[in-house]
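As given in TrEMBL:
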REGION    1-22  region 'Disordered'
DOMAIN    30-118  domain '2Fe-2S ferredoxin-type'
BINDING   70, 75, 78, 100  [2Fe-2S] cluster 1 binding site
BINDING   140, 143, 175, 177  [2Fe-2S] cluster 2 binding site
DOMAIN    260-453  domain 'FAD-binding PCMH-type'
BINDING   288, 289, 290, 291, 292, 293, 294, 295, 371, 394, 443, 461  FAD binding site
BINDING   809, 840, 954, 1121  Mo-molybdopterin binding site
BINDING   844, 922, 956, 1052  substrate binding site
ACT_SITE  1307  active site, proton acceptor
């Protein structure tokens, strides 16, 4: 901890409380020296177990701009820049790294730059921060500092980056709010159109040089290379303000081995190879750490403690790359980024090396491009990847195929002599994560040989998401050919040697030896393929239930990838043989060989404003954006409030009775203050947002894995986590219900069945129909993946009074349930929410339980308690979007006009009601999407399963109901062989028609939006272009789809359609607004400011919204249903009108007074300058009735929108790319068009994730949730957005039913992301038509309707593209 900070010095001295007896050993240096944002820091004996993030966010350092998002290096929220001087290269190296993994002890001699080191609101924003803010690139803001630091670091290390280069630098960062487009637009503004000049972001190194002396960012020496730089259009960057590399560190040499002693671990950073070997000899089981990208995961998630850690980053022999006559020697500690850079130079320099020799290096580069994210590659080393021996490694198959040689070195304990052992990597991997390395040995280097003429190497990888994802299957193929007839270049080629290496097909990376042996000596020809496929099937067996699942998919990839390789080699041979036609690849088949290449993204955003309403309808940036881009925006866990830390003790069984709980071991651990169960709850243990049907802490029976049983409180977060895992619980296991199908079979339902009937009896109408189809559609859940996990800080005040600081969408319900649990009245509980790092519905109800548990601990200990859920805990405890199963029967005429529908909807509620009733109701209301169905019956049921209770998520059941609907629209189209877009437009609602719940469709712009979308997207012409593309390409197929939406706006529960606001005007003319809505990035506070400023006639700068608090505005509805700006805006308007009415007589008397003078005069005359506004949405509310005909009107109005998306799929792998998406969304007269466009884009990309990438995986029969972090659960990344992304806000469509003629916007666009799903579906159909295959029963698969579940993952896409590769492995 920091013990002293001298104001007269730039050095910060810090120390730790560790007092190991070895600390006084004079042979070691125990001081960690580095620079932090320009200040020299010395930490005395730091804790080896602490990460850089732990240090930065500690109370005494307080740099909370760097966020904890996942703790596993998968989201980028913790990104900082680390810089060091490389004496070997004589330049400064700048790297973006994940502070959540990077060890604090590893920053010796480095300069750390955090978001706080760039700029701030008071002194001015850095150009990178400013660009992101001005481009509307920050919504919730939690991911923003990490994204900015990734960009800043990239620009510092790539001063000549092009716009396209910059667009590809974000593969280690995630954002859940924006849809990425505005971030990319801002970032690309720093890119160069050429490489002739440096962007202004490049910085110098020495502040002590003369004032006009520039410093080269590469060498760190004086130069004038930047004298002509004028890249930033707004203004050139003042280099004197740029944070530079400290000159002290250029000359800093670590002369003595560093040693840091912790309570459980010792850290050494030796300076020589001999020292490292001696330490490894002394501590045989010591772990060698470079970037901590693997060990950090083991220590955090597997509770592993390594007593001795050795860092080889100062060992010269392990940190260089050397070219020899026969290949290259790569130091084991060289980072992947350094290797990649070296190999790129080697492969691009024809003078340096014959390009025939670089085939293996090009394959390595192929894998490095998709290997993890930029931050991981900047920290991880090749040696660590090899020794870790992951069976799904991207790079190990390449090294296997190349026959790389590993140099292992140790020291003879008796003689002190170095022992060197060279091991071929083919014998190195023994079994699962077991390798041929002795405890005393160190992997010092890896030799990768050159290739020869006619030696070809290609590497492949398939993963769930293209960027920053582990492989499902990775492989590398190498073949050495020789001409059978040496006298002519047009003869045959025989196989001299071949290697087929695979990852993801065994417990280790393996070679397909049977296939390889069978091929040696044979002529390279297509006639070999069937034999190869058969042998690969034998070489690479996967038993049913093998780890990783996806058995048929993985096996089909093994042969599909080889087919790609075969065609690629033929391309080479066609050239080498001077055009021998036997090696000519058919033009239609070349699509299998084309490597993935992504064009730079582009797009247009169009909208209208209403000048007479300004500042309403103006594109004003987010109120907090400047604070968010500088890291100054405060989230709950950033609050500098000393507190204890809580961690929940969770069930490890899906369904079981608790037989015993033993916390004695946990209570004996250091720092632990207490353990509490249901017995310690003073109030009620029964809780729930609607019904009190679940226990806060399980008393007898656990209903899912992850169910809270108790809570541990300790002095630190880590102590609490470790103690929570030390509580021993015994169970009596019961049989769990884990799927909707299980629930239906076992009749496991919650007691709620809702039905809507309209028109005639459906059974009678079916008998009159010309056509009837029936089927079912299954849709998976979706994890919210807000970047800020659930967190609550409970602070006892006095007596029974508590202040709860919570990241919640629902302060009032939090207040109610905390008071209930604590056994106090609501007036003693104040809940405050300043902002959330994302919500999306996931913090409407499940956040409340976090606050209740934190409050329980605070009540017991009478001390502030903070409960911050780690990402894995959040994901396994808080529920997801509801999975749905829809069964339907649809009747229609020969023109596709729908006559009747009978629909059953089954929602997986999890173990309790939560908000599932409302979710089911909205699914029922949206089960016809935008189509008039004259006769309909919809029945909805809630399945009770032993999974975390599912909850609200953007769309709240609407997308699930609409997905089922659009599936049967597709089935009608298939049945009649009429294009689906014609079926859709023929059945649209018309103005004045009634829905199946008897609400009139008024102000219906659907037809206009549809026609405008057709025209703007050029849909019909592109439909023909897609057809032509598919005719020319066999293995790549395109699809295009046009999807509409009609979304009802209001809470379907009448009581919730109300809002309040409190407006204060101060005598300086400034305005403070408090309202019932919460800010989660959607710009609600900004819109409220615009509304208040417009009504009061003051600049927006004069209006401020501080926070949401239950002691300011009471009894509020949750911020949900996309109507918060509607309701809270009207309440704010009401309050402002009251004040205006009081001020009107003064305005008449003092017409020339400024607003400040007017408010001062009001105070003098004792006129109240505060008002409490209120609004209740009129004429809404719906009551279901048993007969199927309910009462009331569920929605205030409808939103409409359309989207066209075009995709391209690789039919051999299931990979897909969104080529273009065009969206038109009706938001009335937008209150803030740029914020609304951001909401449309963000919702759309979230919808894309829902229907394509994001798959929640739970294992049967254990109920263990596999997807519990960014490593296993994949939301869309920067690389997944449409290459062309156009968004228009529909114009000339004012909404008479909401404030200033606007409409809510948060949820309606999400369903439009399904246009990508349906475009993928079209591409799959094109592939199936291409193959003209029958299934194993002889049925024509093309004639059958394609049943494609959501999400359309790469596995489902590939398996649906039936061909000879899938048929080989299909049972």
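Backbone N, Cα and C atoms are what each Cβ position is placed from, and that goes for glycine too.
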Which ones are near residue 844 (substrate binding site): of the binding-site residues 78, 100, 143, 288, 371, 809, which have a Cα within 10 Å?
809
Between residue 288 (FAD binding site) and residue 75 ([2Fe-2S] cluster 1 binding site), find the distance joining the two CA atoms and give it rounded to the nearest Å.
25
Spatial neighbours of residue 1307 (active site, proton acceptor), counting only the binding-site residues 140, 177, 292, 371, 922 and Cα distances within 10 Å:
none
Determine which residues of the same chain, besides 140, 143, 175, 177, have their CB within 8 A of the center of the CB atoms at the recorded [2Fe-2S] cluster 2 site, and list them by sequence.
138, 139, 141, 142, 144, 176, 178, 787, 837, 838, 1081
So of 75, 78, 175, 177, 443, which of the binding-site residues has the fewest other Cβ atoms within 10 Å around its own Cβ?
443
Let's check the environment of residue 371 (FAD binding site): how many other CB atoms sit within 10 Å of its CB?
25
For 294, 844, 1307, listed as recorded positions, tell me which one has the smallest number of other Cβ atoms within 10 Å.
294
Going by Cα-Cα distance, pick out whichever of the binding-site residues 290, 294, 443, 1121 is nearest to residue 140 ([2Fe-2S] cluster 2 binding site).
1121
Quick one, of the binding-site residues 140, 290, which Cβ has the fewest other Cβ within 10 Å?
290
Neighbours of residue 143 ([2Fe-2S] cluster 2 binding site) among the binding-site residues 294, 443, 1052, 1121 (Cα to Cα, within 10 Å):
none
Output field, [2Fe-2S] cluster 1 shell: CB within 8 Å of site CB centroid, site 70, 75, 78, 100 dropped:
53, 67, 68, 69, 71, 72, 73, 74, 76, 77, 98, 101, 146, 871, 1270
Nearest of the binding-site residues (922, 956, 1052) to residue 175 ([2Fe-2S] cluster 2 binding site), judged by Cα-Cα distance:
956
Spatial neighbours of residue 954 (Mo-molybdopterin binding site) that are distant in sequence (at least 6 apart) but have CB under 8 A:
840, 841, 1243, 1246, 1306, 1307, 1310
Average the per-residue pLDDT over the domain '2Fe-2S ferredoxin-type' (30-118) and send me the rounded value.
96
Around the substrate site formed by 844, 922, 956, 1052, list the extra residues of the same chain whose Cβ is within 8 Å of the site's Cβ centroid.
841, 915, 918, 919, 921, 952, 957, 958, 1051, 1120, 1121
Tell me, which binding-site residues from 70, 78, 100, 956, 1052 are within 10 Å of residue 1121 (Mo-molybdopterin binding site) if we use the C-alpha atoms?
956, 1052
Measure from the Cβ of residue 809 (Mo-molybdopterin binding site) and count the other Cβ atoms within 10 Å, all protein chains considered.
29
List the Cα distance (Å, whole number) between residue 809 (Mo-molybdopterin binding site) and residue 292 (FAD binding site).
36
Taking DSSP states H, G and I as helix and E and B as strand, how many residues of the domain '2Fe-2S ferredoxin-type' (30-118) are helix, strand and coil?
13 helix, 33 strand, 43 coil
Output, ordered by sequence, the same-chain residues six or more apart from residue 292 (FAD binding site) with a CB under 8 Å from its CB, or 'none'.
51, 101, 102, 103, 106, 379
